[in-house]
Amino acid sequence: MTKKLHIKTWGCQMNEYDSSKMADLLDATHGYQLTDVAEEADVLLLNTCSIREKAQEKVFHQLGRWKLLKEKNPDLIIGVGGCVASQEGEHIRQRAHYVDIIFGPQTLHRLPEMINSVRGDRSPVVDISFPEIEKFDRLPEPRAEGPTAFVSIMEGCNKYCTYCVVPYTRGEEVSRPSDDILFEIAQLAAQGVREVNLLGQNVNAWRGENYDGTTGTFADLLRLVAAIDGIDRIRFTTSHPIEFTDDIIEVYRDTPELVSFLHLPVQSGSDRILNLMGRTHTALEYKAIIRKLRAARPDIQISSDFIVGFPGETTEDFEKTMKLIADVNFDMSYSFIFSARPGTPAADMVDDVPEEEKKQRLYILQERINQQAMAWSRRMLGTTQRILVEGTSRKSIMELSGRTENNRVVNFEGTPDMIGKFVDVEITDVYPNSLRGKVVRTEDEMGLRVAETPESVIARTRKENDLGVGYYQP
């Protein structure tokens, strides 16, 4: 009888990536097949996020539902992973004694052993350590699930912004070696992936070891990824302004595979608030980066993160944020009301902004961003945009859907053989959350592919030394 696994995931794209790796790993080691129905599962895993308010209570609410399933099936294994698990550790079992496994983002690769241990003597397992980059060495080979794929290139963050729990829950920055990353991407390209999204909590801080022992920069890595045949688009998230160096901007100037869209969090337009947040940059320095980026890539569109109602934020501080939004002309944002995260310096600050004022500021900010986003979309009306076709439209199975370089969803009429390929689409209609278009050119008319296949890239780039150890050969 097939054993089944159910994973519930909250939070960032890194968590989504981690959950996919858990599924692949437990399929490879135990033959677990994913199910969307928790009641069918032999193992339930909750991959948590601690960024937002009441994250812990959300976890225990979900666990309460799963407790009922365990009462019906005592052999059911329940595991809690992610950032709340890393933050709370053994405290989770104090409130939910029926949880069998507690693991952190850096120990998910040990899940097979943890499950075996629980199956053996029913003793609970708690492992929330930070074993450097070990987890990537233990994960199975990547498996493509469409024309786009996420690839984690580094973990953790050293910035210690006063409001953020990431350094405490995912550890400090650790970068994967460049040859490991490139080999994974080449494998994905061989399976039909056309676009990769490089992931990291502070992705542009990547400083990975090269095959010859030297240390590569993020700009170096972007150029190497762009050289892999079959990879026609590169995205990355999330970056930090303090690490956004001129050599990265030069890649935007020289490398068409890097898309004309960037998510670069700023959080506030007030230098005083930025200082309280521990951001280590000013609003002017942020705008200087954007100015240089647009000089290198005039059509680039920028999204960002904002926190409103940070302790001590005055009306004047908020107005400076609104001015920055207008000056940069952001295309979209992830914006939130400040909520203190336990264990962070900001949790000890006086939360002196009234709740109603926070809500009003958030509404004003989001309305302005929405207006700017619609203005950007209207400029695209009548233009021809290159779309990577990801599948059928959510609105109609009779239509296809894909994304532009600047991350706009476009729905259009097409044929199934277009899925996984590029098409050029003329934009005919603009809506708040999507665009509509008609196909004017198929990939066969573009000449994108080169004669060399992704398989030959793997063969060319993966060499072995005298001991049989693989390394990357550019």
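Count begins at 1; order follows the chain as displayed.
Using the three backbone atoms N, Cα and C, a Cβ is placed for every residue, glycine included.
Residues near CYS12 ([4Fe-4S] cluster 1 binding site) in space but far in sequence (CB under 8 A, at least 6 apart, same chain), listed by position: CYS49, ILE51, THR238. Annotation note: CYS12 ([4Fe-4S] cluster 1 binding site) sits in a coil segment as assigned by DSSP. Per Swiss-Prot, the feature [4Fe-4S] cluster 1 binding site maps to CYS12, CYS49, CYS83.
Note: CYS161 ([4Fe-4S] cluster 2 binding site) has non-local neighbours GLN267, MET277, GLY278, ARG279, i.e. same-chain residues 6+ apart with C-beta under 8 A of its own C-beta. Positions annotated as [4Fe-4S] cluster 2 binding site by Swiss-Prot: CYS157, CYS161, CYS164.
According to Swiss-Prot, the feature domain 'MTTase N-terminal' maps to 3-120.
Averaged over the domain 'Radical SAM core' (143-375), the predicted model has a pLDDT of 96. Per Swiss-Prot, the feature domain 'Radical SAM core' maps to 143-375; the stated evidence is sequence analysis.
According to Swiss-Prot, the feature domain 'TRAM' maps to 378-441.
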Cα-to-Cα gap, CYS83 ([4Fe-4S] cluster 1 binding site) vs CYS164 ([4Fe-4S] cluster 2 binding site), nearest whole Å:
12
Beyond CYS157, CYS161, CYS164, what residues of that chain have CB atoms within 8 A of the centre of the [4Fe-4S] cluster 2 site's CB atoms?
LYS159, TYR160, TYR163, VAL165, VAL166, PRO167, GLN201, ASN202, GLY278
Counting Cβ atoms within 10 Å of each candidate's own Cβ, which of the binding-site residues CYS83, CYS157, CYS164 comes out highest?
CYS83
Specify the count of other C-beta atoms within 10 Å of the C-beta of CYS49 ([4Fe-4S] cluster 1 binding site).
19
Local backbone state of CYS49 ([4Fe-4S] cluster 1 binding site), from DSSP in three classes:
coil
